[in-house]
Every structure is written in structure tokens, then in C-alpha cells.
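Participant: Sharing a structure here in C-alpha cells format.
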Amino acid sequence: MIVPIRCFTCGKPLGHLYITFKHRVLAGEHPGRVLDELGVHRYCCRRTLIAHVEWIDDLLVYEKRS
């Protein structure tokens with residue numbers, strides 16, 4: 001999937017936070033602490049960022065056949 005721009009439940013803009021969140025978690029920081037520091041406190045918004053899986057690179061490998 002493509003990075004979520006807004007929370008699916010409440011509509012809060014999240015797209016600008018995703019790259020920072022991803023880099024910090026991959027660097028070894030605790031996801032909950034990163035979200036707290038980014039100001040993401042609602043459960044619905046936290047779920048949107050934590051549960052997101054990037055599949056777009058895997059899907060682009062397949063060709064469309066006519």
C-alpha cells in the first residue's frame with residue numbers, strides 16, 4: 001500500500017510523520033516512544049502508522065499483460 005496521508009478513522013494528517021517514524025524505528029527506537037515524541041496520541045492514528053506495510057515495491061515487480 002501507499003503511505004497513508006490521513007488517519008483512516010479520524011482524518012488527522014499523518015503523511016508528513018511517516019518517514020520520520022519509519023527511520024527512527026528502523027534505527028532501533030521504541031515505536032511507542034517515537035509516536036509520543038511526534039505528537040501522535042490517538043489510538044486510531046497510532047494504529048495507522050504502526051500497522052502500515054509498504055507493499056508498493058513488491059507490487060511494481062509484476063507486469064500487466066494484455
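A Cβ is built for glycine as well, from the same backbone N, Cα and C atoms used for every other residue.
Copying in the features that Swiss-Prot gives for the protein in this structure:
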{"type": "BINDING", "residues": "CYS7, CYS10, CYS44, CYS45", "note": "Zn(2+) binding site"}
Participant: Starting from the Cβ centroid of CYS7, CYS10, CYS44, CYS45, which together make up the recorded Zn(2+) site, report each further residue of the same chain whose Cβ lies within 8 Å of that point, ordered by sequence.
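Facilitator: For the Zn(2+) site, the extra neighbours are ARG6, PHE8, THR9, GLY11, LYS12, LEU14, ARG42, TYR43, ARG46, ARG47, THR48.
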Participant: Given the binding-site residues CYS44, CYS45, which one's Cβ is surrounded by the fewest other Cβ atoms within 10 Å?
Facilitator: CYS44
Participant: Hey, what's the Cβ neighbour count for CYS7 (Zn(2+) binding site) at 10 Å?
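Facilitator: Result for CYS7 (Zn(2+) binding site): 18 neighbouring Cβ atoms inside 10 Å.
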Participant: Within 10 Å of the Cβ of CYS10 (Zn(2+) binding site), how many other Cβ atoms can you find? Include all protein chains, please.
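Facilitator: Looking across every protein chain shown, the total is 12.
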